[in-house]
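Quick look at what Swiss-Prot lists:
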type	residues	note
TRANSMEM	12-32	transmembrane segment
TRANSMEM	58-78	transmembrane segment
TRANSMEM	84-104	transmembrane segment
TRANSMEM	120-140	transmembrane segment
TRANSMEM	151-171	transmembrane segment
TRANSMEM	177-197	transmembrane segment
TRANSMEM	200-220	transmembrane segment
TRANSMEM	229-250	transmembrane segment
TRANSMEM	303-323	transmembrane segment
Amino acid sequence: MEILKSMIDPKIVMAIVISFIVASILGPIIIPLLHKLKFGQNIRQEGPKSHLKKAGTPTIGGLIFIFATIITMFIMVGNPTDEAMIALYSFVGFGFVGFLDDLLKIIKKKNEGLTSGQKMILLLIVSGFLTWYAYKYIGTSINIPFLNGQINFGLFYIPFVMFYFAGVTNAVNLTDGLDGLATSVTVLVTTFLGIISYNLGHISLAIFCVALAGALLAFLRFNAFPARVFMGDTGSLALGGAVAMVALILKMPLILVLIGIIYVIETLSVILQVASFKLTGKRIFKMAPIHHHFEQLGWSETKIVSVFSIITVVFCFIAFASL
């Protein structure tokens, strides 16, 4: 009943509708502009050969749902709470790092943007401020799923949160490897976080979450196979920053292991692949991240996205049961 109540609240419904409409309007404006500016995606040669035909598809499309979410937030919440503003900062801050990375890839005309050092410094600046905020205003305790208890990290909270932001943003970035995959999964993740935020009384935060979900639903029309636009690192890092910060505000960073199970699997597949090859000279998967493994097995992009989305739904229900 609480879930149903949150989804029929007029503010929640309006936020979803407005962000969907705004993103639907922005898409046909931004996509042709990206074409005109020749902001096309460079495809990795070592990736699946079927992806080579995607070269030139406009990237940096994450701007569509970033702008739509921001516009909706300020329409629906004239004076957002501090927690909603810090979630927006995380969303835009990480997205800006991704934007710089995408821009350099386009300028260089190859799939290499910021150097690892440059990217690390920028991400540390963004996550460093967020970690300071979390330590000072959110507190150092986090909830443990299924156990109905908390653990206080004390000073260890600082390195934990820094590692957490790096892990979540990179995990979402790895998931963005198929048309519509990161978009579909994150629609479900942000919807879950919106429901929990609402039920815990964080109304501004809930509006941010569902506004993002509505914008992503509209973006999916342009990003689903065959994609007319890619979100780029602009979008994937922004999404990682958003879900990471919202879960942290709710003191539920560990819940992302459940609702973000696809992010976790994608990341683990890369770690295991690299470790196995370095230790034994053999690969566990045909290709990593794991969505490419299923492509090599003959699965269509649409099938992979559908299956991964269903898995996310199942784990969202498991996450509800854990609270």
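Including glycine, each Cβ sits where the backbone N, Cα and C put it.
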Does the transmembrane segment (12-32) come near the transmembrane segment (151-171), with 3+ Cβ pairs under 8 Å (pairs 6 or more apart)? no
Take the C-beta pairs under 8 A between the transmembrane segment (58-78) and each of 84-104, 229-250, 303-323. Which stretch has the highest count? 229-250
What residues elsewhere in the chain lie close to the transmembrane segment (177-197), defined as a C-beta under 8 angstroms and at least 6 residues from its ends? 2-3, 6-7, 12, 203, 205-210, 212-213, 216-217, 219-220, 223-227, 231, 235-236, 239, 242-243, 246-247, 250, 252, 256, 259-260, 262-263, 266, 289, 291-292, 295, 301, 304-305, 308-309, 312-313, 316, 319-320, 323
